[in-house]
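Visitor: Marked as domain 'PLAT' by TrEMBL: 2-118. The Ca(2+) 1 binding site annotation in TrEMBL covers GLY17, ASP79, ASP80. The Ca(2+) 2 binding site annotation in TrEMBL covers ASP39. Here TrEMBL flags 84-646 as domain 'Lipoxygenase'. The site 'Essential for stabilizing binding to COTL1' feature in TrEMBL is assigned to TRP103. Per TrEMBL, the feature Fe cation binding site maps to HIS340, HIS345, HIS523, ILE646.
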Amino acid sequence: MPSYTVTVATGSQWFAGTDDYIYLSLVGSAGCSEKHLLDKPFYNDFERGAVDSYDVTVDEELGEIQLVKIEKRKYWIHDDWYLKYITLKTPYGDYIEFPCYRWITGEGEIVLRDGRWMEWNPGFPLSIDAKYHKDLPRDIQFDSEKGVDFVLNYSKAMENLFINRFMHMFQSSWSDFADFEKIFVKISNTISERVMKHWQEDLMFGYQFLNGCNPVLIQRCTKLPKKFPVTTAMVECSLERELTLEQEMEQGNIFIVDFELLDGIDANKTDPCTLQFLAAPICLLYKNLANKIVPIAIQLNQVPGDKNPIFLPSDAKYDWLLAKIWVRSSDFHVHQTITHLLRTHLVSEVFGIAMYRQLPAVHPIFKLLVAHVRFTIAINTKAREQLICEYGLFDKANATGGGGHVQMVQRAMQDLTYTSLCFPENIKARGMDSTEDIPYYFYRDDGLLVWEAIKTFTAEVVGIYYKSDQVVAEDQELQDFVKDIYVYGMRGKKTSGFPKSIKTREKLSEYLTVVIFTASAQHAAVNFGQYDWCSWIPNAPPTMRAPPPTAKGVVTIEQIVDTLPDRGRSCWHLGAVWALSQFQDNELFLGMYPEEHFIEKPVKEAMARFRKNLDAIVSVIAERNKNKKLPYYYLSPDRIPNSVAI
């Protein structure tokens, strides 16, 4: 008969032990065991800080163990018990861990699922080992699964947007740009309406690299890459300072956005009736005398040549417009899959899983972070179930659907580093840190204010619980949390720069700031503007139905319209950016900690100061936005949810 070794760890805090009867059942893919009383003769089981082992023999094969059920029954009086974790050694020598880290009060049964990571796709950050939202532990599920049903939300969005009549019209082209207005919902004084009116202008095109949905790619260009042979003669009419291109670069007036990541990515082939295409453009931008950023050269693929011309503002109107549309489409793909999915959703899930696996609920770092991983594992599980899975909703409208998005994440993992998640370091690394040289980069300005507010708060909390660097280094649970993120979440890659351990209070404060900022501010900055900037389809096409042009002087307005998404894909795209831009019901915003995990007065005082600092930032941003035709509010703390939950 199969025999399992069960190890039970009781917490070390006061009164964590119990004298109650503890029963265990094993649930496997092939059956469930009887209840076993965990009791050793002449031994006081489940004492405070104890790690007790038991041999459990079952009558028949259980298959792969999926659940452990723990039942506590009263011995004499009600006796609470703090269970840290249970580990299981199978008859085949495998070890399975079932984390708990909570108090079990009164009588009753709890169900523990194993705390294993899962590889959803090769090369991805590891994720929770659950195929469906319903498989998640109850305390990390959404309150209502309907609230995150993507199919339901998309249908509801299309109903709200009055576009149901178009959503099944795949392969049916629009007539002209104005025809897109049939699915465009005009809401007074919104950014989206301004985008619709001005999307063809170079100023609007350039502005989006600073303050649109994807303000993280633009960087200062100090030397042109050989693959992008732009000359002064080509762009002379765009340079306003009567300098050469090289001199403009020396003065810091030239910027570049390179979509090399998209080179060779497979375009969506899930619909045999519609060919879809991708490009990997390089775009050169210029800071003009008004300190505004405008495009001055675009090459639509990575290798220069006769069939890959460099498009210029001096070219024919529709040549230049189509080149810009290709850049906007490429920017949309990188935004959705890398900036949004990988660098906020998947990374925040790594932080959340490691927290639940390694930190007990009484640990101060657990108390600090739990609000910032609220619903993150749930939303990502639901996305893998319905949205970005094979034949999921993502495949309906996006040229990177059908597997291209997976290839993109696998490539982008090479550039996912700890330093790149440190907001000030990321800004500086791209040469975008000078407020004097680049005065209208509101994403940078507001992000730095929020980053500093979070860091000040985390430093205060760390100072309360860790009186020295030595205390940090000796906190084994904290070190296990950090190591779990590096070993599993980041796959143990040294090049990621993620620390394996943290030895100082200063580094711990920075690490916690990365976790909180990524889950709150960074996600807000790249998520909640999606309807604003992407609802006007020509400004952010989710797919292109013709390949990039290989020559100049041949593009017509009809060709552009036929290249843009058909009616059906346009509607699915519009429903997506609408649904993804909505806040959750009962959203908790940055600085809101209603569950009050902390009871210590100094921490509550630190929280109050944090909220006061955030309120001051709200006022600064509101004052800056007064009378602006294009206000930037995504990083206003009153619009930043605590966690990635949509």
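Each residue, glycine too, has its Cβ placed from N, Cα and C.
Model, not experiment: these values are computed from the prediction.
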Visitor: For the domain 'PLAT' (2-118), what does DSSP give as the number of helix, strand and coil residues?
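Guide: Reading the DSSP string over the domain 'PLAT' (2-118) gives 0 helix, 63 strand, 54 coil.
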Visitor: If you count other C-beta atoms within 10 angstroms, which of the recorded positions ASP39, ASP80, TRP103, HIS345, HIS523 is the most crowded?
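Guide: It comes out as HIS523.
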Visitor: Who sits close to GLY17 (Ca(2+) 1 binding site): which same-chain residues at least 6 apart have their Cβ under 8 Å from its Cβ?
Guide: THR10, PHE46, GLU47, ARG48, GLY49, ALA50, TRP81
Visitor: Determine the mean pLDDT over the domain 'PLAT' (2-118), rounding to the nearest whole number.
Guide: 89
Visitor: Compute the mean position of the Cβ atoms of HIS340, HIS345, HIS523, ILE646, which form the recorded Fe cation site, and then list in sequence order the other residues of that chain whose Cβ is within 8 Å of it.
Guide: LEU341, THR344, SER348, ILE379, VAL526, ASN527, LEU580, VAL644
Visitor: List, in sequence order, the residues of the same chain other than GLY17, ASP79, ASP80 whose Cβ lies within 8 Å of the centroid of the Cβ atoms of the recorded Ca(2+) 1 site.
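Guide: After dropping the recorded site residues, what remains is PHE15, ALA16, THR18, ASP19, ASP20, PHE46, TRP81, TYR82.
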Visitor: Quick one: which of these binding-site residues, ASP39, HIS340, HIS345, HIS523, ILE646, have their CA within 10 A of ASP80 (Ca(2+) 1 binding site)?
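Guide: Correct set: empty; none qualify.
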Visitor: Would you kindly give the Cα-Cα distance separating ASP39 (Ca(2+) 2 binding site) and HIS523 (Fe cation binding site), rounded to the nearest Å?
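Guide: The Cα atom of HIS523 (Fe cation binding site) is 49 Å away from the Cα atom of ASP39 (Ca(2+) 2 binding site).
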Visitor: Listing them in sequence order, which of the recorded positions ASP39, ASP79, TRP103 have their Cα within 10 Å of that of ILE646 (Fe cation binding site)?
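Guide: Those near ILE646 (Fe cation binding site) - Cα within 10 Å - do not exist; the answer is none.
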Visitor: Can you give me the same-chain residues 6 or more apart in sequence from ASP79 (Ca(2+) 1 binding site) with a CB-CB distance under 8 Å?
Guide: THR18, ASP19, ASP20
Visitor: Sorry to bug you, but what's the C-alpha spacing from HIS345 (Fe cation binding site) to TRP103 (site 'Essential for stabilizing binding to COTL1'), rounded to the closest Å?
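Guide: Answer for this pair: 29 Å between alpha carbons.
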Visitor: Reported as an integer number of Å, what is the Cα distance between the residue listed as 'Ca(2+) 2 binding site' and HIS345 (Fe cation binding site)?
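Guide: One finds 43 Å between the Cα atoms of these residues.
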